[in-house]
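Enquirer: Here it is, the structure, as structure tokens.
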Amino acid sequence: MMILGNLRVATLSDGYGLIPDAAILIEGGRIQWVGPEAHLPPSAAPRHDMGGRLCTPALIDCHTHAVFAGTRAAEFEMRLKGASYAEVAAAGGGIVSTVTATRAASADELLAASLPRIDAMLAGGVGTVEIKSGYGLDIETELRMLRVARRIGELRKVRVRTSFLGAHAVPPDYRGRPDAYLAEVVLPALKVAQDEGLVDAVDGFCEGIAFSPAQIAHLFAQAHKLRLPVKLHAEQLSNLGGAALAARHDALSADHLEYLDAEGVAALAAAGTVAVLLPGAFYALRETQAPPVAALRAAGVPMAVATDLNPGTSPLGALGLAMNMACTLFRLTPEEALAGTTIHAARALGLSDTGRIAPGFRADLAIWEAEHPAELSWRIGPAPLHARLHEGEFV
């Protein structure tokens, strides 16, 4: 048991939910009480004076591809010199290069490559991170990626949620045969992953260059049979009705959404599905059509913000910078950006015990060298993190 005193607490209970001169009572890894310190119930718990600093829930990065091998720096240079997508692919670049490197990496090598990325996230105030598979595209490597993700959660003071993304792309050995790939690789791998307790949700990529709505619907039906929630990469490059499809399947989230239309917005609102905005990919791909934030806001769709950390289209590992990008590029307010990396990000992962500072919630907290929550989205550069607590313990 302990008390954090002399804080400015953003509870995220109503907007920022800001409480000046606040205290938090923590016991058993959970928040027992929060409010003005003058009203703190009598307690013999040791008190830590936090010097008037800002306290928020630890941040949640709800969409990452943080486990992979290799880099895509060479094709980054190629694109800047004018190479087309086809030319990059012909030179061995694109997702195939990451798949090749990831398949060749052992579990230990994948872990060694991934831990520094996770450590950088934690230094930015992240306390929960989602990690997807999707760079194996064969049964063995997809499972290896998920095992490495679980191992990260054991080695670091971070809560890891895994998403099975076997339906990320059709590998070269199944080119032109996506249905066979789903039947022979994706669904068998999913069953093994579920049997081993490796998967928390099932994801897919609904796009002309990936999988059709009918194929995703089949995948989701199988996921539901395994009692697994679903989420979807949707409307990133075109509109195939992926968001509405996700909503029909009670998806936790639909992610990207640059080409989301009014029908999709209405479907997300009706289903309570979270819209996950990924400004890093929008920036890296130099897209020009942004997600319809005003329409999502008007419809009451909860909006989350994540890094989409991946080697090809969003090599962004700083959630604070993603918050700034969401405000600058997508016109979110700083309040929306903070909610998008706390309470709404938790909802996008199906978590109901984190993302707010309230009695009964996990004591996953971030203490910042800041006076006001808007500073977290305003800053560009190193995160002003002073300290982080994971289940009520300083880390």
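Keep in mind that glycine also has a Cβ here, set from the backbone N, Cα and C atoms.
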Enquirer: So Swiss-Prot lists H63, H65, D308 for Zn(2+); which of H233, H372, H386 goes with them?
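Expert: Within the candidate list, Swiss-Prot flags H233.
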Enquirer: Which of these, R72, R356, R362, does Swiss-Prot list as part of the 4-imidazolone-5-propanoate site with Y135, H168, Q236, T313?
Expert: R72
Enquirer: How many other Cβ atoms sit within 10 Å of the Cβ of H233 (Zn(2+) binding site)?
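Expert: Taking all protein chains shown, H233 (Zn(2+) binding site) has 31 Cβ neighbours within 10 Å.
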Enquirer: So, in DSSP terms, is H233 (Zn(2+) binding site) helix, strand, or coil?
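Expert: Going by the DSSP assignment, H233 (Zn(2+) binding site) falls within a strand, counted as strand.
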Enquirer: For the binding-site residues H63, H65, R72, H168, which one has its C-beta crowded by the most other C-beta atoms within 10 angstroms?
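Expert: Output for this query is H63.
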Enquirer: Within the chain of T313 (4-imidazolone-5-propanoate binding site), which residues six or more apart in sequence place their C-beta under 8 angstroms from its C-beta?
Expert: A281, A284, L285
Enquirer: Which residues, in sequence order, are found in the same chain with Cβ within 8 Å of the centroid defined by the Cβ atoms of H63, H65, H233, D308 at the Zn(2+) site, excluding those residues themselves?
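Expert: Near the Zn(2+) site, the remaining chain residues are T64, K132, D255, H256, L278, A281, A306, L309, N310, S314.
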Enquirer: Determine the minimum-neighbour residue: among Y135, Q236, D308, N310, G312, listed as binding-site residues, which Cβ has the fewest other Cβ atoms within 10 angstroms?
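Expert: G312, out of the binding-site residues Y135, Q236, D308, N310, G312, has the fewest neighbouring Cβ atoms within 10 Å.
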